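*Asks:* Questions regarding the structure given below will be posed in turn.
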């Protein structure tokens, strides 16, 4: 909120301007002048001329914020004592806002503000002034700095930055109890006037609460405020500047105050006397709960906790009471069993006491209450009793809805003429298939039953007294669904029948049996035949073995897989039920090559795989291994043929030209150790070579030496012949094929 300047500020501002103007005048400072400014007197003394120092003369520069007038706001005047008023001095202005916010008259030095200023955005401006000679543009005075302060006005209302507030105070607090301190802020200048001086007051919330006008502390103003009467209060606090004077600005906030609970209310039973009829069987176990009682407490939390007790001996000997912490109820239980014939009534005095009391409120009295509970022990009313411990009933399948299955019977042991109501347990699945008559106990079906789907049904039947439905008994009922012949038979197998290519006429291909979902008490009996409406099958016939099996027999010799692999044989099967039902199944016969004894050798993979017990992956792995082995063998043979050695070993073969012995001789003259002629005569060494395709023969003569000391010529020849024989044996196959 913006407020224009009022006339009451004018005298004050005039005084300020006068004081500041007096401080803005130049000071006369004694200065020692140079010799050209000195005058020599007749007595020889020198007179120094003194002149005042040139300086600025201006008004105190303040400008009011939020000026809304049509003309520029006058700020002040700059003046130098070098200015003689002849217009030779030119004033210039620089710094913050110079030329945009503040302008100066170059001749007079008057400064004006052209825009409305906001002190809260910027409180002062730093500018520089300088006086120049208009003709020479030389500085007459050095540049001087001055400040224009923005004078504050009350244009900002107080604000609560943290509001709204939430607080609590205990109920029944004394007057003056502190609740919460609120604080407001004002953006105006706190050092100038009362624009930022705030006082607090209550706009809404009296007479319950008050606020300190200076500190903003909220306190209780009313004693004994009761939470049970009123729990929540909304207090509106106002903050006003100008010390609360007329024309000041204000702001407000809301403080939500809640009264917290204290234990100021004793427990209270709704009734002073209770009557409770208990129907407890004499065989009831000790500690069984028989009833509940509750005292009300308007307090909350632990202040409402109650402890119950039986304070008279008559009730305390037979009953006990405990507290349910969740519901704060007193749970009454048996300490010992009751006997209707001995004592029919009990009177209990029950006391409820607060467990957490506050001594500050002891003047309100004792925080407890007492109630009288009268208990009447009634005779035990027993539930109806069924005539049997369990029932087994039966009904034929496919019977229409409403068919009677059987009935159950129950009676009231307390009274023979008391009516009994029958019903079924709704949680069980049997209610979808059966219903029971409430009066007679007759059980009927609600839909046709299927024995093949569910042959047995278990249901639970309950019975209760009409006058006292709380007591009831139950009995299990089992319903057996009897079978009727409603399912046709079918062949027991759906796999292909294997027919060997070398089958003979009259040979049994396979024996088949049948299945029937129905139940036969004397065992299943099936009959088999080929359809009458079809022409005679030239390939196969069927023989009924009269033992619920049939044999498929070949009618001709030799089947060919290449000519026809698959044959279809329709077979009709009859059961032995009443009435008899029949079904037609078509078997697929697959022709396969077989071994002599009828073992299948190869048949499209599938029949083989099943009999061998090997998976497809295993067979693929075996085939891959076989292929790899065959490839290795072929590669080995190919390499052997491509690297075949010549028939005669060349001279460079060291195995034929160099023979190492362990004997030491006497040099060239020692002819007994070896055949020197064989070493010196190449022709003789050449004679030792043999063709590999001709069996070598032993020579008759060995050489000039009649004998050898270590290795004889005959043994050498035998070794050579044996070596040639070995090579002949190894390369025989290749030599012949070549």
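Cβ coordinates come from backbone N, Cα and C, glycine included.
Straight out of TrEMBL:
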- 1-24: signal peptide (SIGNAL)
- 80-160: domain 'Cadherin' (DOMAIN)
- 161-269: domain 'Cadherin' (DOMAIN)
- 272-386: domain 'Cadherin' (DOMAIN)
- 387-491: domain 'Cadherin' (DOMAIN)
- 491-608: domain 'Cadherin' (DOMAIN)
- 618-639: transmembrane segment (TRANSMEM)
*Asks:* Looking only at the domain 'Cadherin' (387-491), how are its residues distributed among DSSP helix, strand and coil?
*Replies:* 4 helix, 47 strand, 54 coil
*Asks:* If you run through the domain 'Cadherin' (161-269) with DSSP, how many residues end up as helix, strand and coil?
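*Replies:* When I sort the residues of the domain 'Cadherin' (161-269) into the three classes, I find 3 helix, 45 strand, 61 coil.
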*Asks:* Average pLDDT across the domain 'Cadherin' (272-386)?
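*Replies:* Taking every residue of the domain 'Cadherin' (272-386) together, the mean pLDDT is 85.
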*Asks:* For the domain 'Cadherin' (272-386), what are the DSSP-based totals of helix, strand and coil residues?
*Replies:* 16 helix, 51 strand, 48 coil
